[in-house]
């Protein structure tokens with residue numbers, strides 16, 4: 001079609017124009033650029049072990065919004081997003097044949113096996129067709145080549161050691177500038193229709209107004225969210241105090257869904273934080289956003305170091321645990337029918353919205369692995385299916401951590417569901433929001449309906465085993481906290497009204513998850 005040089009930019013989890021090295025490189029190396037996104041059929045099958053839908057309805061909606069947004073952005077820059085349904089290696093081969101002018105195919109490197117297999121197949125196709133391949137690294141805050149370790153095998157197995165090393169010896173690179181204009185598509189190339197959820201055998205999800213994440217996919221919305229959270233509301237200046245919240249949009253940054261699809265760059269967030277610290281305020285909260293971005297980096301580099309071991313039942317520690325595979329218990333957990341209200345509220349929020357707070361995730365993972373003793377991969381694959389912000393490295397890294405077979409310096413970490421519920425939802429507002437059948441139980445009593453008298457339950461129109469399940473398991477350590485509840489039948493040690501933000505005495509609790517020696521979480 002054209003004798004001038006063409007570069008295909010194969011986009012995957014890098015759906016943005018800002019701080020995107022691919023566009024930067026292609027702009028200097030070709031007259032025509034083909035920004036390409038492939039709806040790979042392998043993303044719309046079952047998960048590896050338990051055949052759950054690999055891309056559930058919430059993440060698919062967010063992805064489709066992100067694709068539409070990127071197409072609009074590129075059109076405004078004189079380009080377009082070419083969309084195809086098919087395996088990237090086959091689509092790339094077809095385009096090379098069709099265009100006859102492709103000099104290079106460029107893409108960002110990923111780190112886990114399915115993505116690496118796609119990269120290998122694309123490279124094989126390009127080698128056969130005598131087309132060059134150009135790869136970039138752009139998914140982390142700290143560039144892989146800038147880590148203060150001689151080789152990835154020397155990456156520390158404890159986060160704190162990694163964090164201290166990169167903070168003292170590493171540097172965050174500047175962002176790539178956003179091009180004012182992009183070189184056009186080759187003439188005559190069809191843009192291709194963006195599929196619907198139905199086209200991909202998925203249903204369109206219903207928006208639940210109770211959701212803590214009512215945002216849309218795409219780079220434009222990601223940048224609006226950052227502006228809102230940093231510059232318009234100064235919410236970032238209290239992030240460390242509010243980050244363990246459960247209700248509302250602004251208790252945490254909510255950047256994770258956009259980060260997972262690459263709609264926003266971690267380096268851009270970092271440099272905006274640094275600017276905010278210079279112009280407004282620098283405190284523990286502004287630092288804590290960077291601290292969390294570093295966790296994301298760490299799990300990605302751990303995935304490079306350990307490869308497929310992050311998916312294996314024995315985990316990074318090669319530890320044999322007699323995990324159960326009881327589907328009845330698993331169904332009760334994933335459907336929010338365990339009879340433990342704090343767990344059920346979180347699991348119902350996930351099922352209804354595709355989102356769950358960080359605090360909730362730590363608790364339901366601990367409950368599945370430590371209280372129910374179920375195979376941690378069941379939980380990981382359910383999260384993979386449903387979470388809007390599913391990031392393979394962070395998800396599997398966190399599940400390994402919870403299961404006690406990952407990067408955890410502490411043995412036998414187990415969360416106490418009742419203590420956690422009372423610490424972070426001490427008046428029970430969050431539970432009543434998502435478990436409406438318990439809405440007539442007042443205060444913190446809602447966390448332990450099985451401990452209430454028949455008269456109290458009857459007054460609240462609750463019949464255990466009928467209107468709400470009896471607990472499928474109880475842990476002996478829960479009993480220590482059953483008489484300490486807020487706002488219920490006895491006097492409240494924490495005042496009448498439980499906050500939906502983090503109570504003052506628990507503001508540093510998040511750090512305990514990683515560093516505390518106390519067994520009493």
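If you go along the chain as it appears here, the first residue is 1 and each next one adds 1.
Using N, Cα and C of the backbone, Cβ positions are placed for all residues, glycine too.
Please treat TrEMBL annotations as automatic predictions, because they have not gone through curation.
Computed from a predicted structure; not experimentally measured.
Residues or ranges marked as FAD binding site by TrEMBL: 239, 252-256, 292-299, 389-391. The Cβ neighbour count for residue 295 (FAD binding site), using a 10 Å radius and every protein chain shown, is 16.
The annotation compositional bias 'Basic residues' is assigned in TrEMBL to 494-507.
Summarising the annotation, TrEMBL assigns domain 'Photolyase/cryptochrome alpha/beta' to 5-141. Here the domain 'Photolyase/cryptochrome alpha/beta' (5-141) is broken down by DSSP into helix, strand and coil counts: 61 helix, 32 strand, 44 coil.
Look at TrEMBL and you will find 482-521 tagged as region 'Disordered'.
Taken from TrEMBL, the feature site 'Electron transfer via tryptophanyl radical' covers 323 (among others). With a 10 A radius on its CB, residue 323 (site 'Electron transfer via tryptophanyl radical') counts 16 other CB atoms from all the protein chains.
Sequence annotations record features per position, and here TrEMBL assigns site 'Electron transfer via tryptophanyl radical' to 376 (among others).
Sequence annotations record features per position, and here TrEMBL assigns site 'Electron transfer via tryptophanyl radical' to 399 (among others). Counting every protein chain shown, the number of other Cβ atoms lying within 10 Å of the Cβ of residue 399 (site 'Electron transfer via tryptophanyl radical') is 25.
In this structure, the CA atom of residue 399 (site 'Electron transfer via tryptophanyl radical') is 14 Å away from the CA atom of residue 295 (FAD binding site). Packing around residue 376 (site 'Electron transfer via tryptophanyl radical') is summarised by its Cβ count: 23 other Cβ atoms lie within 10 angstroms of its Cβ, all protein chains included. Computed over the domain 'Photolyase/cryptochrome alpha/beta' (5-141), the whole-number mean pLDDT of the model equals 98. Within 10 Å (C-alpha to C-alpha) of residue 376 (site 'Electron transfer via tryptophanyl radical') lies none of the binding-site residues 239, 292, 390.
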